[in-house]
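Here the structure is laid out as structure tokens; the discussion comes afterwards.
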Amino acid sequence: MKQQNNDGDQLQSFCTNEGIQITDEQHQLLVRYAQMLESWNTKVNLISRKEDAPVLIRHVFHSLLPSLVHNFRDGETVLDLGTGGGLPGIPLAIMYPQVQFLLVDSTGKKITACSAMIEELGLTNARAMHTRVEELKGLAFNTILSRQVAPLKELSRYAAPLLKKNGELICLKGGDLQKEIDEALREGKKRKGFPGSVTLKPIGEVSPLFNEKQIVIARWR
């Protein structure tokens, strides 16, 4: 219990430092979600089982960082592409109750876990769907999010048909990204469906846990 309290205090401190406004209720829900994520992870492989840092910080707080580069607006529609255990969709749904989130994953067990956690948290602005992104038809989103390790070129190909005009693809990624960014931009010069610009925001200054981590913002012309 003491460790959980310490992690909760650290979450509050990080949010304050980054200018992320968080209510007591949201804080409690984020802490509860981290607990559920760890519990479900013993049954379904949602996150690494060899964590060297608190799940509440490494995964849950990390999932809030797109708010540093994107203003989530009331009524906005957001797709979480390859959500896994609900990351980043569930933490952001907690923070932005007036934004609608659709979480998709091709692994049924992960979606079962996400749906159960969404229900237990009482989130009415998020739902989880077992499907492949290629099978999403007739839907359009203001913003698409992903924590997947897939190259930006591949994620862009999935995202483009599902983005509304002036939409953004926001990815939480790590490592040396220049090669995959260059590949995506080259495709953008040759054909539609790829971003016209890509911006990077390093987040290592937020915490050493996120050294070599960056937020990738891909925009379509």
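FYI, residue positions are counted from 1 along the chain as it appears here.
Note that Cβ sites are derived from N, Cα and C of the backbone, with glycine treated the same way.
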Gly82, Leu87, Asp105, Ser106, Thr107, Val133, Glu134 bind S-adenosyl-L-methionine per Swiss-Prot; candidate in Arg73, Arg127, Arg147 listed for that same site: Arg147
Reduced DSSP assignment, Arg147 (S-adenosyl-L-methionine binding site): coil
DSSP three-state assignment for Asp105 (S-adenosyl-L-methionine binding site): strand
Secondary structure of Leu87 (S-adenosyl-L-methionine binding site) (DSSP, helix/strand/coil): coil
